[in-house]
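These notes concern the structure reproduced below.
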There are 2 protein chains.
Amino acid sequence: MLFLNNYGIVISIVLGVIGLLYAVVLIKKIMASSPGNELMRKVAGAIQEGAKAYLSRQVRTVSVIAVIITILLYVWKQSLAVPVGFVIGAVCSMIAGYIGMRVAVVANVRTTQAATIGALPALRVAFNGGAVTGLLVVGLALVSVAVFYLVMSAGGHVGAAIDALVGLALGASLISVFARLGGGIYTKAADVGADLVGKNEIGLDEDDPRNPATIADNVGDNVGDCAGMAADVFETYAVTLIGALLIAHLSLPTFAGALVYPFLIGGISIVGAVLGILWVNLRNGGATALLMQGVGISAVVTAVLAWPVTQALFSNVEGLPFTPTALYGTAIIGLVLTWAVVLITNYYTATEYGPVRKIAKASETGHATNIIAGIAIGNYATALPVILICASIAGGYMLAGLYGIAIAVMSMLSMAGIIVSLDAFGPITDNAGGIAVMSELPKEVREVTDGLDAVGNTMKAVTKGYAIASAGVAALVLFGSYYLELDKHLHATGVLAATATVDFSLKDPYVIIGLFLGGLIPFLFAAMSMNAVGNTAGAVVQEVRRQISLKPGILKGTDTPEYATCVDIVTKAALREMILPALLPVAIVLIVGLIPFLGYKALGGVLMGTIVTGLFLGLSMTSAGGAWDNAKKYIEEGNHGGKGSEAHKAAVTGDTVGDPYKDTSGPAINPMIKVVNIVAILIIPLLF
Amino acid sequence: MLFLNNYGIVISIVLGVIGLLYAVVLIKKIMASSPGNELMRKVAGAIQEGAKAYLSRQVRTVSVIAVIITILLYVWKQSLAVPVGFVIGAVCSMIAGYIGMRVAVVANVRTTQAATIGALPALRVAFNGGAVTGLLVVGLALVSVAVFYLVMSAGGHVGAAIDALVGLALGASLISVFARLGGGIYTKAADVGADLVGKNEIGLDEDDPRNPATIADNVGDNVGDCAGMAADVFETYAVTLIGALLIAHLSLPTFAGALVYPFLIGGISIVGAVLGILWVNLRNGGATALLMQGVGISAVVTAVLAWPVTQALFSNVEGLPFTPTALYGTAIIGLVLTWAVVLITNYYTATEYGPVRKIAKASETGHATNIIAGIAIGNYATALPVILICASIAGGYMLAGLYGIAIAVMSMLSMAGIIVSLDAFGPITDNAGGIAVMSELPKEVREVTDGLDAVGNTMKAVTKGYAIASAGVAALVLFGSYYLELDKHLHATGVLAATATVDFSLKDPYVIIGLFLGGLIPFLFAAMSMNAVGNTAGAVVQEVRRQISLKPGILKGTDTPEYATCVDIVTKAALREMILPALLPVAIVLIVGLIPFLGYKALGGVLMGTIVTGLFLGLSMTSAGGAWDNAKKYIEEGNHGGKGSEAHKAAVTGDTVGDPYKDTSGPAINPMIKVVNIVAILIIPLLF
């Protein structure tokens, strides 16, 4: 249909703006609710301040790097398109994380206050806080890519516009690696450090205000789980959309609808997300059920709206290599894959099922058996998602070729609005509990927030499975973009004869070398980021010990700890430690590309090797971490001896090992594997 | 030179027989030394009995499976060649493990007795015990492959002979997966079980005779580290040799010398191994220095002898796609790679260097930080070996193409004689210490055996790095064989046009699906085998608890534990638990091959995916395990609070987690990745 072909992108911009406006409505609604008594506001204020201080410094640090890259891009390209794209991607990624986090740190104390009234009001405040981030992520990503594309392609230069979009993708990716790493190191160093010294050495409970690291711990929830996650999914969404456009442009150049379709999938799913969020706000019921209904509604609305859109765009189009119904099938594959990954991760990380209970049981025989069981569960948890991803690739490809795979991935990412809402809900409820304890509110309030926190933990685990699975398939789309772009470039420059095509054969030893070197990146990256957490946590432990030996009154409650120094230590350390691992993937891509006998074939191997081991490491680390966390919770519910038993001590060890697994290294692999691919796409004309 | 072309294989058989005869000499020498007093003989007798009982049952269990496969192979092929090859491979693999282990369990007590005289006599008995296994492995592998090849190719049917050799490779691989898994589960379940209940619950020392699981623990050292390792390296050696022959036959069909050369590399390195073993027996010096000199001499002798052999075979051969000197260069690459991997693994696992000390330091802050540090070190330890493997692939390929890679790998494997001697030395000294404690010998004897045990631990760790790195490159040779064989088959059957070649492009979504599914195998396999250790260790714990509550006199030393029931439990459990993971790789290859739209391209992806993730998992698990082990030893030497401190407890946790890492899952990945490749080669005519 000509109308949709011409106005489809504008329509999706309008839908994206509606999503953003609804986020503003939600922010107003949250701000209108009560922030509680003075003590609560004071505690919340400290968290807000710490979070703001960290994120401002992170923005400054990253900005320096971003400015350097922008200049380099300009010097190299001698044109503004790519550097401007880079800046837009970087800035939007930062904004999504920044605003989302600012809302989270005002929603937390309001959730605590709402918990004095009841569970449902508290759920709504926390969920709406998360929904702001969810809507920001999809709204900003869709609108920024669409507007930038429209502006750049205004003169009809679709190819140049898409090149500039690769700059946008790089900006988004690089920022989100920093956000994930910096936030991940921050949150887990504070958490592990606070636990090691607070719980193990001094015997304080979680969130005890006498622990000098407790504010840093609560700040961490926001900068890691909220700002980091937002930047990460923003990036995956933007990059998937751009990858789909690249594939549409290069493999279906004569079909205008193919470029418009990914935007519309994004647009209609925002309608789905808004309706899902409304549902949670208007209906009554248990927390988990309500949230899952919200996700279900989003998915169903998207699936229903996609049918007329697909038919309208592609019916009666001559020469199309697939039918509209087949293409609709690929969109459904993405939605089904989302649901399946959510259910599978839930199975491996929720207390109700076998895996978590196996870890809990293994804790009875000690720390070591808890760890062995957890690592094994993490490995097992890779199987079903990977098999389903393979099935989705095969299905998408059979139905509509490489474009079909891209659409399946885009439709999976289109669910990000509602899924991120669930995820960002977690740190808010976590904080709400901390504020309740630190403000010495009655036990009943803490019980309400504890209940929501448990739900939040499962949601966080589940959405991490979604994040890494979607990152894996998004990277495949980028790999497809890499070789299409490379093929075009090598033909244009005459490196390849007209009849030849770019090939990366496993028969070629240099492709195999590439696979090995690429496979190495996630392993090294995970090691570096785990070490960063370990080092920083050690610094926190020493600071807490110093304060307590200096002012023994802290433990008696007669003296106030200096929360700010802990916040400061973690802030500085996180920013310092994130640099090296973030630059590793960029460095390896450049080195392999520059070694003459390796070249573009080995680089193809590097991209694929990173995707393969990255997907497995990401899935196993996030699942194992979630399972360890809930095994501890399951024991604390009174099983296997309950809190304080030997089994519980072993479970605490597992939970602590799981912390950097699930919140630092595992999730940071998501943007990392995409950085590798985007850098490769970008440097094609430079290197080959 | 025509003479070497004609008689080279016979010469290498003669050299192989010399190696086997020298092993017999060493056995006689060991048997001639004193087995100590009555109590020592009684303890050693219990270990011998347990080991014999386990291995006999393992042979019976595996034989049932082997007979079924032999029949299937005969029914399918309607000819004896492949099934007979399968039987030869299976039987020789079992013999290498069986005799090696029988020698180890008589050498252990004689090492203890020699330790009453001094460190050097004890070192020699233990080393000679290990050297028997080393010589058996290379001698049997070389002689069996060479004789079978000569017999089968007697009528000039080189192609048919090589097909039959694939049967031999399958037999060797399948048996060694079972041996590695069964032995690995046995040794670690007994070890972990004995430690969990003995050290942690009751507070007994290692090898305390009051622990009912202590004999099972000592048996485990022999069936795992000795018999399992022997079968594993036998298999890697045989498979590499066969892979090199396949590549020579398919890529250099007109050059007879190309088929003879791998045999001669094997033959001359046996000369090197014998001289290296003699050196250790005739010279004086410290244990580590002597052993390393032995390895050095082996390598130098092999390098020196390879020069005239290479020149004689390939000088003045017309049309050869490489020079003799270039080919010699590939052989040197293999020797250098061996040394480099040994040094690197030593760096990551020895107490003198940073990595182990980092883990020891991290133990001060508890169990969790010990685990995080160990996992990170394991990941780091993959980097240098993988980069060197990549360099070796590139070097071998540049010098002499795919055949050059195969020769580099063959030359790496040719060092197996001396390297396995070092490895098998470990369990003998470990047992010698156990026997000293259980026989209540004076403290000085235990000090001598403890010193040797520490050396043995480092040697075990170092040779594991060698085993997995060589398995990885051997698997690459098999992958090369797979596609050459596939190419031949598809052309012969007309599936491919004469001008087309088989290709596995990363552009093909089915190849990517294959990579993912193949990458999954090592993760699942590791999870299954770790769980098997956990389950079986749990059964040991319960049995020990049962015995102690039934006969409280055991702990007072007034009652004797029933060692045999623990041995029996572990024996049965190990045999039961090894079946499923051993069949997993076979099943996945068959399933992928049988799914119509996946086919041979996806199968190529599966093979490569397994090699990539298998290499990383194998390297990281064995390195982390070795580092944890020695971090514990480092603390026990009096650092970070020494034995009994909180840091020591954390280090014990790390060591226990490391047990299945380094002795079960990690090493079992070696034969597994080759099974995947061999099964694929074998079923080509069946499936495509």
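Each residue, glycine too, has its Cβ placed from N, Cα and C.
Note that the coordinates shown come from a computational prediction; the quantities given were computed from them, not determined experimentally.
The annotation transmembrane segment is assigned in TrEMBL to A:6-27 (among others). Outside the transmembrane segment (A:6-27) by six or more residues, the chain places 103, 128-129, 131-132, 135-136, 138-140, 142-143, 146-147, 149-150, 257, 260-261, 263-264, 266-268, 270-271, 273-274, 277, 313, 417 with a CB less than 8 A from a CB of the stretch.
Positions annotated as transmembrane segment by TrEMBL: A:59-76 (among others).
The transmembrane segment feature in TrEMBL is assigned to A:82-105 (among others).
Under the heading transmembrane segment, TrEMBL lists A:125-152 (among others). Packing against the transmembrane segment (A:125-152) from elsewhere in the chain are residues 9-10, 12-13, 15-17, 19-20, 22-23, 26-27, 29-30, 33, 81, 85, 88-89, 92, 95-96, 99-101, 103-104, 106-108, 110-111, 114, 160-162, 164-165, 168, 172, 226, 229-230, 233-234, 237-238, 241-242, 245, 263, 266-267, 269-270, 273-274, 277, 280-281, 291, 414, 416-426, 428-429, 432, 452, 456: each is 6 or more residues past its ends and has a CB under 8 Å from a CB in it.
Annotation source TrEMBL lists transmembrane segment at A:158-179 (among others).
Counting residues 6+ beyond its ends, the transmembrane segment (A:234-252) has Cβ neighbours under 8 Å at 89, 92-93, 96-97, 137-138, 140-142, 144-145, 149, 158-159, 162, 165-166, 168-169, 172-173, 175-176, 258-259, 261-263, 266, 321, 401-403, 406-407, 409-410, 413, 416, 467, 470-471, 474, 477-478, 480-481, 484-485, 488, 670-671, 674, 678 in the same chain. Positions annotated as transmembrane segment by TrEMBL: A:234-252 (among others).
Look at TrEMBL and you will find A:327-350 (among others) tagged as transmembrane segment.
With a cut-off of 8 Å between Cβ atoms, the residues of this chain six or more beyond the transmembrane segment (A:400-422) that come close are 19, 127, 130-131, 133-135, 137-139, 229-230, 233, 236-237, 240-241, 243-244, 247-248, 251-252, 258, 261-262, 265-266, 268-270, 272-273, 276-277, 291, 294-295, 298-299, 302, 306, 321-322, 326-327, 329-335, 337-338, 342, 392-393, 459, 462-463, 466, 469-470, 473-474, 476-477, 480. Under the heading transmembrane segment, TrEMBL lists A:400-422 (among others).
Summarising the annotation, TrEMBL assigns site 'Determinant of potassium independence' to A:LYS460. Classification of A:LYS460 (site 'Determinant of potassium independence') by DSSP places it within a helix. Neighbour density for A:LYS460 (site 'Determinant of potassium independence'): within 10 A of its CB lie 27 other CB atoms from the protein chains shown.
With a cut-off of 8 Å between Cβ atoms, the residues of this chain six or more beyond the transmembrane segment (A:466-484) that come close are 229, 232-233, 236, 239-240, 243-244, 246-247, 250-251, 337-338, 341-342, 345, 385, 389, 392-393, 402, 405-406, 408-409, 412-413, 415-416, 419, 423, 502, 504, 604, 607-608, 610-611, 614-615, 618-619, 622, 666-667, 669-671, 673-674, 676-678, 680-681, 684. The feature transmembrane segment is assigned by TrEMBL to A:466-484 (among others).
The annotation transmembrane segment is assigned in TrEMBL to A:510-528 (among others). With a cut-off of 8 Å between Cβ atoms, the residues of this chain six or more beyond the transmembrane segment (A:510-528) that come close are 504, 580-581, 584-585, 588, 592, 597-599, 601-614, 617-618, 621, 665-666, 668-669, 672-673, 676.
Under the heading transmembrane segment, TrEMBL lists A:579-600 (among others). When Cβ-Cβ distances below 8 Å are used as the criterion, the transmembrane segment (A:579-600) is approached by residues 174, 177-178, 181, 486, 490, 502, 510, 513-514, 517-518, 520-521, 524-525, 528-529, 532, 606, 610, 668, 672-673, 675-676, 679-680, 683-684, 687-688 of the same chain, each at least six residues removed from its ends.
Residues or ranges marked as transmembrane segment by TrEMBL: A:606-628 (among others). Residues 345, 348-349, 355-356, 359, 370, 374-375, 377-379, 381-382, 385-386, 389, 457, 460-461, 464-465, 467-469, 471-472, 475-476, 478-479, 482, 504, 514-523, 526, 585, 588-589, 592, 651, 654-655, 657-663, 665-667, 669-670, 672-673, 676-677, 680 of the same chain, all 6+ positions outside the transmembrane segment (A:606-628), place their C-beta atoms under 8 angstroms from a C-beta of that stretch.
Beyond the transmembrane segment (A:158-179), the same-chain residues lying 6 or more positions past its ends with a Cβ under 8 Å from any Cβ of the stretch are 58, 61-62, 65-66, 69, 73, 81-94, 97, 141, 144-145, 148-149, 152, 227-228, 230-232, 234-235, 238-239, 242-243, 245-246, 249, 259, 578, 582, 585, 668, 671-672, 674-675, 678-679, 681-682.
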